[in-house]
Amino acid sequence: MNIEKFTTKFQQALQEAQSLAIGKDNQFIEPVHLLTALLNQQGGSTAPILTASGANLPLLRNELNAELSKLPQVSGSGGDVQVSRSLVNLLNLCDKLAQQRQDKFISSELFLLAALEDKTLGDVLKKCGVKKENLQQAIEKVRGGQNVNDPNAEESRQALEKYTIDLTARAESGKLDPVIGRDEEIRRAIQVLQRRTKNNPVLIGEPGVGKTAIVEGLAQRIVNGEVPEGLKNKRVLSLDMGALIAGAKYRGEFEERLKAVLNELSKEEGRVILFIDEIHTMVGAGKTDGAMDAGNLLKPSLARGELHCVGATTLDEYRQYIEKDAALERRFQKVFVGEPTVEDTIAILRGLKERYEIHHHVQITDPAIVAAATLSHRYVSDRQLPDKAIDLIDEAASSIRMEIDSKPQPLDRLERRIIQLKLEQQALQKEDDDASRKRLAMLEKELGEKEREYAELEDVWKAEKAALSGTQHIKAELDSAKTQMEQARRASDFAKMSELQYGVIPALEKQLAQAESAEGKEMTLLRYRVTDEEIAEVLSRATGIPVAKMMEGEKEKLLRMEEELHKRVIGQHEAIEAVSNAIRRSRAGLSDPNRPIGSFLFLGPTGVGKTELCKTLANFLFDDENAMVRIDMSEFMEKHSVSRLVGAPPGYVGYEEGGYLTEAVRRRPYSVILLDEVEKAHHDVFNILLQVLDDGRLTDGQGRTVDFRNTVVIMTSNLGSHLIQENSTLDYPSMKELVMSVVGQHFRPEFINRIDETVVFHPLGKENIREIATIQLARLIKRMESHGYQLHFTDACLDFIGEVGYDPVYGARPLKRAIQQEIENPLAQQILSGKLLPNQLVTIDYVDGKVIANQ
């Protein structure tokens with residue numbers, strides 16, 4: 001018996017049969033070993049053939065195991081097994097059957113026909129319901145009238161089952177999400193599919209607009225019979241490129257698989273529509289030196305109209321891959337899929353709502369759906385509807401589900417805090433100094449309070465979780481009943497349809513209403529409804545933009561914004577008021593949604609608080625004064641440096657890195673942008689800023705649009721500072737007019753015209769400097785406290801520092817130098833020499849022209 005005459009699959013099965021015999025301590029490889037190996041073979045055709053011929057596979061497996069257990073076992077044979085006489089006879093019979101069929105290689109399905117001639121196996125197969133006529137029909141169907149002329153012939157069989165996913169079968173079983181709207185695009189696709197030749201639509205659109213959903217909608221329409229006669233009873237198969245490429249080790253294997261798929265499709269004679277998602281992957285797939293890629297293999301079938309194909313790809317990839325291949329492009333008809341409007345998105349979300357409710361076991365309210373569509377459209381600019389809105393709904397529902405399944409956040413926070421306190425308690429118990437004992441007493445008091453609070457909350461949580469009954473189980477049953485009703489309607493099974501429509505479904509709906517009314521009681525810890533607030537929270541977490549409803553505390557904070565900013569910025573009432581009003585307009589939802597929150601030009605002499613106000617604003621909004629995009633415009637003095645802001649153009653070094661300004665805003669869409677010393681930049685930089693100030697958008701070097709609508713743009717400049725110094729006694733409007741005449745000479749009118757407000761900063765007086773000295777000395781007190789020293793400054797000392805630090809030309813900056821020289825330097829010397837001891841009050845006074853420290 002020449003083993004080379006067997007197909008690859010048959011050879012693998014023989015090896016498995018040998019392993020099975022060795023494992024069972026059998027001396028001979030019997031036919032029962034080989035049939036068991038064939039039945040368990042991955043990707044083999046034996047199991048599908050037996051199923052098609054009406055065999056009972058579980059019974060067959062049991063019978064084969066029983067036969068295996070009857071075989072004699074020989075221990076100590078050293079694993080040497082031989083082929084039994086009966087198996088040799090069956091393999092010879094297989095060879096004879098192959099010659100009758102004019103096959104060059106012996107395939108595994110012929111062994112089934114030969115097995116019927118064997119006494120033992122023949123009895124087992126007949127007992128399991130296998131008849132010779134049925135088996136022969138099943139084999140012929142699998143072979144498809146082809147001879148076995150290749151050792152890999154078995155692997156290319158049933159290519160459609162192996163390498164495609166049946167979307168119509170999934171639609172029949174209700175596994176596809178409902179497709180709402182998109183009638184125009186589906187109608188256009190159907191129109192192209194009905195052509196005589198070149199009947200291949202390709203859906204082109206941005207990622208996330210619903211191209212794949214359109215094909216799923218087409219499959220659902222075919223199943224429901226809502227298509228023209230030419231498309232009725234057709235199957236929509238989705239080509240699985242991963243399965244097609246996976247495991248294709250040798251050259252030509254991928255092409256062989258694809259050719260097998262195309263051959264089977266041509267045999268279907270137009271009854272199958274092949275859907276290729278990401279069709280651009282076909283161009284270049286399997287391409288090696290001298291080999292054809294998949295795109296070229298498709299061309300003849302597409303041109304002749306043998307292959308009904310629907311493709312889907314994005315605009316960029318269509319241009320990059322398919323438009324370059326003009327011969328492939330002309331075989332497809334383009335169907336553009338645009339982004340749906342907010343209203344269409346709301347309709348789509350309402351259709352999907354039930355599926356997401358069943359999956360997450362939560363309830364999604366209508367305001368949440370409206371909020372997901374409107375908020376994602378406004379605040380997520382780099383993605384498309386409906387995908388970004390669906391993501392918001394999905395994530396919000398997931399977070400609610402996570403809360404129900406796991407400990408609620410208040411409980412979790414308390415538990416972590418208790419663990420933290422216990423660890424601290426253990427560490428402090430080992431210390432014996434006064435400070436540690438004091439801290440331990442405070443800590444134990446806090447620990448007791450937290451543990452009591454935790455116990456109370458845990459009881460509430462358990463009670464609420466028990467109250468949430470099984471509405472989701474009823475919802476899943478209801479969804480299943482509706483799917484069954486659709487299947488009954490398609491099969492014209494009116495008895496089952498009426499039973500479901502008038503019996504089962506109304507009963508389930510009644511149960512659901514009762515369960516939901518029981519759940520409707522107010523809950524304190526657990527939430528099971530997704531509302532617009534949850535959607536806003538998810539969006540805020542993802543983008544950093546505060547769109548969630550303002551808490552009372554935040555409202556009060558915004559109303560007292562000037563007061564908060566004045567704690568760090570002394571004087572400059574006009575500037576603080578202008579910035580505060582812009583932030584309040586934005587948070588109240590009154591600002592223009594197509595412009596930045598506010599754009600300001602701060603003018604004034606050096607050291608009066610222009611940059612400090614930006615830092616204070618960033619600290620107010622984000623609790624971190626470094627949370628702002630600070631760009632020193634003095635770095636952009638040359639014309640070519642403009643590209644650093646938006647990124648280098650294609651072909652230049654650094655193209656992939658993106659721009660300094662655009663990348664920072666893409667990562668943090670809600671931020672304060674400080675353009676410091678703006679007058680020092682090249683004039684071309686201002687041309688870039690025109691779009692930012694007017695439309696709140698900027699296109700970077702890679703062609704991506706960056707959204708600036710949630711930023712506060714602040715530019716600082718020293719222009720006209722000499723006029724401010726010289727005319728400090730003038731009233732604010734007159735001074736502003738004077739300074740604006742200088743600004744108008746430096747900046748272009750179109751730039752000045754786009755700025756929301758130009759604010760002139762006043763020079764600082766002596767009383768302002770004294771207040772700033774108080775703020776800066778308070779920071780020094782805080783720094784010293786961390787080292788164990790308690791400082792106190794007398795009024796005389798404050799007056800002296802204010803006097804020394806005052807300079808009408810340089811503003812508040814000399815004050816820092818005065819504090820260093822007059823206070824910090826002597827303090828450092830006294831601490832290092834041991835004259836000042838920790839944990840005691842140090843009074844710093846100004847006596848007889850000297851700053852002295854007393855303890």
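Cβ atoms here come from the backbone N, Cα and C positions, even for glycine.
Residues or ranges marked as domain 'Clp R' in Swiss-Prot (evidence: sequence analysis): 3-145.
Taken from Swiss-Prot, the feature region 'Repeat 1' applies to 6-71.
Marked as region 'Repeat 2' by Swiss-Prot: 83-145.
What Swiss-Prot lists as region 'NBD1' is 158-339, and the listing cites similarity to another entry. In the predicted model, residues of the region 'NBD1' (158-339) average a pLDDT of 83.
Here Swiss-Prot flags Gly205, Glu206, Pro207, Gly208, Val209, Gly210, Lys211, Thr212 as ATP 1 binding site, drawing on similarity to another entry. Listed in sequence order, Arg383, Gln384, Leu385, Pro386, Asp387, Lys388 are the same-chain residues six or more apart from Gly208 (ATP 1 binding site) with CB atoms under 8 A from its CB. In the three-state DSSP scheme, Gly208 (ATP 1 binding site) falls into the coil class.
The region 'Linker' annotation in Swiss-Prot covers 340-544.
Marked as coiled coil by Swiss-Prot on the basis of similarity to another entry: 390-522.
Swiss-Prot lists 554-763 with the feature region 'NBD2', giving similarity to another entry as the kind of evidence.
Reduced to three states, the DSSP call for Gly607 (ATP 2 binding site) is coil. Marked as ATP 2 binding site by Swiss-Prot on the basis of similarity to another entry: Gly604, Pro605, Thr606, Gly607, Val608, Gly609, Lys610, Thr611.
Look at Swiss-Prot and you will find 764-855 tagged as region 'C-terminal', backed by similarity to another entry. Here the region 'C-terminal' (764-855) has, by DSSP, the following mix of helix, strand and coil residues: 51 helix, 18 strand, 23 coil.
Nothing from the binding-site residues Glu206, Pro207, Val209, Thr212 places its Cα within 10 Å of the Cα belonging to Gly609 (ATP 2 binding site). It is 49 Å from the Cα atom of Glu206 (ATP 1 binding site) to that of Val608 (ATP 2 binding site).
Close to the recorded ATP 2 site, the chain also has Phe602, Glu612, Thr716, Asn718, Phe761, Gly811, Ala812: residues not among Gly604, Pro605, Thr606, Gly607, Val608, Gly609, Lys610, Thr611 whose Cβ is within 8 Å of the site's Cβ mean position. In this structure, the CA atom of Val209 (ATP 1 binding site) is 52 Å away from the CA atom of Gly607 (ATP 2 binding site). Here the CA atom of Pro207 (ATP 1 binding site) lies 41 Å from the CA atom of Thr611 (ATP 2 binding site). Between the binding-site residues Val209, Val608, Val608 has the most other Cβ atoms inside 10 Å of its own Cβ, all protein chains included. The region 'Repeat 2' (83-145): residue composition by secondary structure is 44 helix, 2 strand, 17 coil, according to DSSP. Using CA atoms as reference points, the binding-site residues Gly604, Gly607, Val608, Lys610 were checked against Lys211 (ATP 1 binding site), and the closest is Lys610. Note: the Cα of Pro207 (ATP 1 binding site) and the Cα of Gly604 (ATP 2 binding site) are spaced 48 Å from each other. Cα to Cα, Pro605 (ATP 2 binding site) and Gly205 (ATP 1 binding site) are separated by 53 Å.
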